Each structure stands twice: as C-alpha cells, then as structure tokens.
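If you check TrEMBL, you get these features:
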type   : residues : note
REPEAT : 4-35     : repeat 'ANK'
REPEAT : 36-64    : repeat 'ANK'
REPEAT : 69-101   : repeat 'ANK'
REPEAT : 102-134  : repeat 'ANK'
REPEAT : 168-200  : repeat 'ANK'
REPEAT : 201-233  : repeat 'ANK'
REPEAT : 234-266  : repeat 'ANK'
REPEAT : 267-299  : repeat 'ANK'
REPEAT : 300-332  : repeat 'ANK'
REPEAT : 333-365  : repeat 'ANK'
REPEAT : 366-412  : repeat 'ANK'
Amino acid sequence: MNGRKQTPLHLAAKQSKELAELLIKYGANINAITYKPKSVLFYAVSKNKQEIVELLLTRGIDINSNVFSKCTALFVAAQKNYKELVEFLLLHGANPNIKCEFEKTALHIAASLNHEEIAATLISHGADVNARDNQSTIPLISTINLDSQKLAKYLIEHGSDISYIDSYGRSLLHLATERNCSKLVKILISRGLNVNAKDNKWETPLHIATRMDFKDIMEILLKNGSDPYAKCKNDCTPLYIAAQNESKEQAKLLITYGADINTKLTNGISSLFLVAENNCFETCEFLISEGIDVNLTDNSGKNVLHYAAKRDSFNVIEFFLSHGVNIHVKDTLGKTPLHYATENNCTKIVEVLLSHGADVNAKDKVGQTPLHYASENKYIKISNYTVETITKSTKTAEVLLSHGADINAKDKFGNSAYYYAQQSGHLDIYNLIIKKFWLE
C-alpha cells in the first residue's frame, strides 16, 4: 500500500486483467479503498476496463456500492461517456435511480454533460426522468442550461415533467428564455407551456426576454400570445423595460404586438419619461411617431420636461418643446422644469427652456424661484463642493439673471436669493447679485 493507500490491486485495475486476476487469486482485497476514498471498481470503471469490471463482479463485488464520493460505478461510466460500459453495468444490475451525495442520479450527470446516448441508455433501463436532486432540479433543467435541444426533446418525449416549477416560481419557459434558447422555447410552447406564466416576481418570459434583450425570443413569445401588457410585482410592463434598456427596436416590436404606449406604472411614470430621462432621442422620436401623449404627467405632476431637465437630457429637450410639451407645468412641489434644470446645474437646458419662454421667476410651493435654487444648491453640502460644481452654479445664475431673474423675489421664509448665496458661501453668485442690484 502506497501513501495514497492504493493497493497493488487498485493499480492493476487500471491496466491489466491478468495482473488483477493474479492478485485476487493470492488474496488481494477487492473492497479495499484509497485515501480519497476510491474503490478498486472505481479504477476499473474510470479507465473503461470492462473486462476487469466483469472480473470483479464474478468475485462478488457489489455493483451498486459507492466507488467514490457516494457515487456508484454507473455514475463514473456515465460521466466518462462510456456507452458500452454503461450498458454492461445496467445489464448486470446497476440501479439507474441510485442518488449520489447531492441526490443526483446518473441521468442528472449525463444530462448535465449532454451525453445523449448515455441518457437514452439509462432511460431505456428505467431511469427516472423526473428524479429531483437536492436543489429540486430534474435532468431536463441541465439540458436547458446547456441549450441541448436534442436531448431536451428526447427527455420530454420520454415523460419529463414540463410543468416543472423551480423554487423561484419559474417555469421551463422562463428558464429557456433566460438562457436564450430560442429553439427550446419553440419546443416548450409547442408542448403547451403557458407563455404568460408568472414567477414569484410576477414576471412572464416576455419580461425576461425584454430585460436581457433577446429580441428573437421576444418575437417568438409575442407571436404565440405573450401579453405585452403584463405587469410584474414592481409594476413594470415589457414596454417599460424596453424604455429602461433605451431600445427603440424592443419598443417597436412590443407596440407592433399591441403594447399600449400610454400605459403608466402605479406611480404614473410612463415609458416616455424613462427614455426622456436617459436622453434617448431615437426612442423618444419613435414613441411620439406612434402617438404617445407628450403631455402625460406622473402622480407627482411631472411631465417629460421635468424628467429630461433633472437628468441633463439635452438632446431631447428641444425635440419635446417642438412637439408642444407644456413648459410651464408644475409638479406637486410647485417646481417647473426650469427649477429642476437649475437645481441640477444643467446650464444648457436652462438656456433652452428660457429661450422657449420658460418663466424665469416661477415660484414653487415655498415661493422659491430658479435663482433661489442656483444660490442655495440644496443637495450639495459646502464641504463637498468642487470647482466644477461652483462654476456650473455660477454660470446657471448668470443665465437666469441675463433673462430677468428677480433678485428681490422672496420665498415664504422672507429670504431672497441674495440671502441663500451668502449663507451657502456662493461668493461668485453673491457678487453677481450685488452687481445686478447696483446696475438696477
């Protein structure tokens, strides 16, 4: 016995039937195991030595004994893709439904490696196509993970449960979609799987295909009745996801199959708001050409200009204005798009809005004008200011002042922009206001 606890018979089992037979004749233990542990039968099977396997069987070794890590000889042969040896073991009593350490059967192993002939042989000898491992996974799942269309079809034809649902509520169609297995998606649909089945997040396969930008599968699903209106738990429709993806192609496909472009989420947000916020000119242009209502507002009263302004989406602002979007709309806080553009130091957008007639002295609910916002810059503490931020705020204030911003306007607290510039340490803006004061 060497350092690995290998006996001469272990070594002979990998090489020579004659030597193995001689060792057994002189008393070698056929049940000896190594340090791993691995049995003599394991070594014979791993090297595809059928004649040595047969010798061991004639000497009384248990064909269903664990040869390595709670796996039988059949597992090893299936993993190695030894078709003839698998057949031999099965004919000599190997149980195809014994489970290994992770409760997997030999069929799980064959399916996970796309060993089609091995899987077919196991099934012909009674392997359970619906056996579940410790993750409650059936062999068919492995074929989906590998996009093994031929083997998947074979398993389905031999009784694999296509109504399988995993612990996340996902059907086989969800899983095939997630793996971008378009041919398997077609097979599963042809077998009657529900294209509108929802998982635990209430997502349909169409939600998944849209999110992952699998347009071929999107079209397959839509052609087979997938609901473009379906909402998941967070209220998203596939069209909303397409907008998040900034994808004109996805939006076009969904609308072709009946998606309502004016559908809103519970909070009132529409797909147009998202593409506006993300500065997606082409998608905005497409949605408007399809008749989306450009003056939709969300539950807080914001329209597309509010969304574009707060994210500095310069490319789409003029486009929306040319299509008649109301520039003066106030949200529930009384803010106009100009307030948001100023608040976020989007100087170019401030200029565009003002050039299209935005009210430079519009007041929010607490009486603050855009100039108050530029002076106060609420969302950045003085200790975190950067030169760039200060410069942008100053430029924005300059634009507002050049368009007639009232330096004397006071909010409900009795404070002017001058006061906030002084308190916030905006010396450049403070000086601009002082200069304006003396010029007036």
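Quick reminder: no glycine exception, Cβ is built from N, Cα and C everywhere.
Listed as Cβ neighbours of the repeat 'ANK' (168-200) (distance under 8 Å, sequence separation of 6 or more from its ends, same chain) are residues 140-141, 143-145, 147, 149, 152-153, 156, 162, 206, 208-209, 212, 214, 216-217, 220-221, 224-227, 230, 232. Through the fold, the repeat 'ANK' (102-134) approaches residues 72, 74-75, 78-79, 81, 83, 86-87, 90, 96, 140, 142-143, 145-146, 148, 150-151, 154-155, 158-161 of its own chain, all at least 6 residues removed from its boundaries and within a Cβ separation under 8 Å.
According to DSSP, the repeat 'ANK' (69-101) comprises 17 helix, 1 strand, 15 coil. Averaged across the repeat 'ANK' (168-200), the predicted model reaches a pLDDT of 95. For the repeat 'ANK' (36-64), the DSSP-based tally of helix, strand and coil residues reads 16 helix, 2 strand, 11 coil.
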